[in-house]
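Notes follow once the structure below has been shown.
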Amino acid sequence: MTSLARAVLALALGGLALLPALVLLGQALPVLGQGGWLAHFASTTLPHQALASLAVAAEAVAVALAAGAVPAVAVARYEFSGRRVVTALALLPLLLSPSVAATTWTVVYAHEFFVSGHALALQHGLSASPYVFVIFRVAATRMPRAFGELAASLGLGILGRIWRVHLPLLAVPAAASAVIVGALAVGDYAAAERLGVPTLSVGILNLWLSTQSVTVAAIVSTVVAVPAVLAVAVAAWAATSLMSQNPVTAAAAAAGRRRIAPLWGAGIVAWTLLAAMPGFFAPEAQLVRWAIERWSRTRFEAIPGDVANTLVTALGTTALVALAIALVVLVMRSGHRSRWAERLPWLFLTNFFLPTLVLALAFVMMTSDASWLGRWLGDWRDTRWMIAVPEALRLMPFAMLPVLDAMRRTPPAMVEAARAFGAGPVAARLTAYAGHVAPAWLLGCALVFMEAIKALDAALTLQPFGFSSLALKIYAFSRHQNMDRAAIWVLLSQALMLLPWLLLWWRLDRLDARRGPA
């Protein structure tokens, strides 16, 4: 592929990534120029809702780091009994969405804590802790032990080594984890609405529904869209200008895991189990009990259609993400060095930072009857693709970022060697990337599929007439406090996610299989 073709394709991908944010800005900026809007919104409850969202996000980040980072570092650095069990326990919350877990707690217990912002933050933190576990699991595996050993030989104690060596090395995964957990917490609507917590997403939807004006909602959304674009620009610059110039070589982290005392190992297992109890086991046990009780009174006629709609929509979302990743692989070169073409794919993070309802609002405006895109799509606006496309844009980073990291660690000489042996441009890339990029691409698509199964917020706004899915049916039951009737639908969604969950657990368990105990 020529440099011009790569640049054109990269610009097309970047434009697609920024399209929802640009649509929102294009709708809002002309009205904002008339003045008075921002001052008016500042006098409403929206600033308080934004602060509530930030408070929930901050608490969720702390919970996720405690529940995900601690066991991840322990599994990567040490050998102990129950090590594989810790990985499974840390990944279990992936099978339960925060809205389902939070609603289950409110039905079972009447204490006011379970309808507070702290409970919402706890559920978001526990639900997002598997992503923190994955990030720190990979980062800790690559972290060279020699740095800590050198610091110990220079007289630094355990606290000094943590402060001077380990925390700086883990600063990047900690920042990435905070960004992911914060974006998930701020962008959530379903869990906050179920608990009655006035977050920014709830406020935007209430404003949209009360005014029946997409322009007013778009103006509010610019408050979120502009910081999101700026944050993504900084992240893209840092990832391509700083991280790519300071890679940790694989040989530096090749030391074996150190065996620790059985008591410490039992403590790590107990800590992970303690985090998994409110995040998975307790609500899961209640859901199983409800499913058994309601089995004989459940109307099963609608279940096949709900399962089929959920599965096909999730597969369509995953296919769109896989196609976009394949185009990114063609655009980029391995071992890239901070070129604009390599920074553009990072713009897909913009749609992840936007609250899901804001992203849905952009698609409502783009596909309205008066828009050229709406006229061009025609009847396609009434299909499941209206849900799959925005979900694919939102979930793209789950597959995009692992692939970008894998490509950054693929030496350019591998592509050149394949070309020297007669392979064409595309075949050479496929051959060179097979060992590094393909596993990251597969696991990223598995994460996208699981999140697409649980996806709800976009479907609430963009669902075509007559469309139903497992997540929508669960939400419909929960609105009337009938979680016992929704239990079977929850278990069915978990059954659909089981295979990709097992794939993720198997791959993380074998991440450093060649490294035995030291």
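Cβ atoms here come from the backbone N, Cα and C positions, even for glycine.
Note: TrEMBL annotation is automatic and uncurated.
According to TrEMBL, the domain 'ABC transmembrane type-1' annotation covers 50-235 (among others).
Per TrEMBL, the feature domain 'ABC transmembrane type-1' maps to 307-509 (among others).
Away from its own ends, the transmembrane segment (49-73) comes close to residues 86-87, 89-90, 117-118, 120-122, 124-126, 128-137, 140, 170, 173-174, 177-178, 181-182, 184-186, 192, 197-203, 223, 268, 271-272, 275, 279 of its chain (Cβ-Cβ under 8 Å, at least six residues beyond either end). The transmembrane segment annotation in TrEMBL covers 49-73 (among others).
Positions annotated as transmembrane segment by TrEMBL: 85-108 (among others).
The feature transmembrane segment is assigned by TrEMBL to 120-139 (among others). Using a Cβ-Cβ cut-off under 8 Å and counting only residues 6 or more beyond its ends in the same chain, the transmembrane segment (120-139) has close neighbours at 55-69, 71-73, 75-76, 87, 90-94, 96-98, 101-102, 105, 169-170, 172-173, 176-177, 180-181, 184-185, 188, 191-192, 195, 197, 199, 275, 278-280, 504, 508, 511.
If you look at the transmembrane segment (169-187), the same-chain residues 6 or more away from its ends with a CB under 8 A from one of its CBs are 53-54, 56-58, 60-61, 64-65, 68-69, 73, 121, 124-125, 127-128, 131-132, 135-136, 138-140, 143, 147, 199-201, 231, 235, 243, 352-356, 457. TrEMBL lists 169-187 (among others) with the feature transmembrane segment.
Annotation source TrEMBL lists transmembrane segment at 216-239 (among others). Counting only same-chain residues 6+ beyond the ends of the transmembrane segment (216-239), those with a CB under 8 A from a CB of the stretch are 18, 21, 24-25, 27-29, 31-32, 37, 41, 46, 50, 179, 200, 203-204, 207-208, 343-344, 346-347, 349-350, 353-355, 358, 361-362, 365, 404.
Feature annotation from TrEMBL assigns transmembrane segment to 260-281 (among others).
Look at TrEMBL and you will find 311-332 (among others) tagged as transmembrane segment. Listed by sequence, the residues of this chain that lie at least six past the ends of the transmembrane segment (311-332) yet keep a Cβ under 8 A from its Cβ atoms are 1, 6, 9-10, 13, 341-342, 345, 348, 384-385, 387-389, 391-392, 395-396, 398-400, 403-404, 407, 426, 429, 433, 437, 441, 444-445, 448-449, 452-453, 455, 469, 496.
Look at TrEMBL and you will find 344-365 (among others) tagged as transmembrane segment. Sequence-distant neighbours of the transmembrane segment (344-365) (same chain, 6+ residues past either end, Cβ-Cβ under 8 Å): 10-11, 13-14, 17-21, 23-24, 27, 183, 186-189, 200-201, 204-205, 208, 214, 217-218, 221, 224-225, 227-229, 231-232, 235-236, 239-240, 324, 328, 331-332, 371, 386, 389-390, 393-397, 400, 404, 457-458, 460-462.
The transmembrane segment annotation in TrEMBL covers 486-506 (among others). Long-range Cβ contacts of the transmembrane segment (486-506) within its own chain (Cβ-Cβ under 8 Å, at least 6 residues beyond either end) map to 87-88, 91, 94-96, 100, 134, 287-288, 290-291, 294-295, 298, 303, 306-307, 310-311, 314, 442-443, 446-447, 449-450, 453-454, 470-471, 473-474, 477-478.
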